[in-house]
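> Can you read through this structure? Questions will come right after.
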């Protein structure tokens, strides 16, 4: 490739190495600052043209090598110039090779992921007019010597078929290790990649470091003895008395006679409880069977026994059930056909029955008061007032000539059908 400026004056050596700064390899004596700026601009022009030619040869949509990318990455480019032909005394460029270190995640033979940072071949181009003349091998070999690497330790970024044939022909690199990215590695790549040092090498390094560093190590600080582990107590190390008290049974099993005097020694409180109120002792637990047995064996009250013995009508509940005739029963017996027509005597009879029940309740309360007085004093109180008139005998009403009480009428009403249809 030819350029309008003097390439021999810009690159005095056959192979020139440029870094990301793209500076001239050597300063000529007496070169001013504007001249140095012009030289750097010429180098940038050469790099851009080489990148375009490489992209065209590899059928890439855009060049992957340019002066701007070189300045933004820590890559190295090797430029090979033609020293035999001197057209118009300016020289020519044959090709270039761009390399750089990249952090990769690659797979080994066992398909295990490995994080490595090898030297990668990023771009390689030789002009079509001078190919198969050994210029590519010369440039590649110079790079290997400069970087001190072996061909099987390299990773190639998207190599072209021509580059793979070149590596197979000159360096016997044929078998590749399959990868999931665009890089290609060959067998032997993991032979010297991040191998951990052996114990002997590690011991040798420590001994060398001790000899190189004459400063004695600081004495080890004595640590306090480790305290023995004990039982973990809830919330604090103090005893909690209320946690040891039995749970109070539900009502009525917890009903017990209260003590007349408070306990002589109340349970102590924990110091960590603060101003929380004291919990009194729980009542003793009474089994359910003993409670039921005591209820069955409990004798009735004397007043209740006397009332049951003197009442001819049975229990008080029975008297309440049979007291008078409800208005509903009277209405039912009056309005249904099986009892005949409407009889107004039923209403009067019901009123008389209700008055009779009220009189019986008054007599019963008076008798209970008399029994209580007898139980308390042992003497029968004297009656100072006028004698109470006796209640008239209970009246009843007849149905079909038979005397029937309210209980029988109620049973009859419950057993029959109340539906009018």
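Note that Cβ sites are derived from N, Cα and C of the backbone, with glycine treated the same way.
So Swiss-Prot lists these for the protein:
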MOD_RES   56  N6-acetyllysine
MOD_RES   146  N6-acetyllysine
REGION    196-235  region 'Disordered'
COMPBIAS  209-221  compositional bias 'Low complexity'
MOD_RES   233  N6-acetyllysine
MOD_RES   244  N6-acetyllysine
REGION    252-284  region 'Disordered'
MOD_RES   272  phosphoserine
MOD_RES   276  phosphoserine
MOD_RES   305  asymmetric dimethylarginine
MOD_RES   315  phosphoserine
MOD_RES   323  omega-N-methylarginine
REGION    342-421  region 'Disordered'
COMPBIAS  342-351  compositional bias 'Polar residues'
> For residue 146 (N6-acetyllysine) and residue 56 (N6-acetyllysine), what Cα-Cα distance in Å is obtained after rounding to a whole number?
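The separation of the Cα atoms works out to 28 Å.
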> Could you check what DSSP calls residue 146 (N6-acetyllysine) once collapsed to helix, strand or coil?
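Looking at the DSSP assignment, residue 146 (N6-acetyllysine) belongs to a helix.
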> Under a three-state reading of DSSP, tell me whether residue 56 (N6-acetyllysine) is helix, strand or coil.
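For residue 56 (N6-acetyllysine) - judged by DSSP and reduced to three states - the answer is helix.
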> What number of additional C-beta atoms lies within 10 angstroms of the C-beta atom of residue 56 (N6-acetyllysine)?
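For residue 56 (N6-acetyllysine), the 10 Å Cβ neighbour count is 11.
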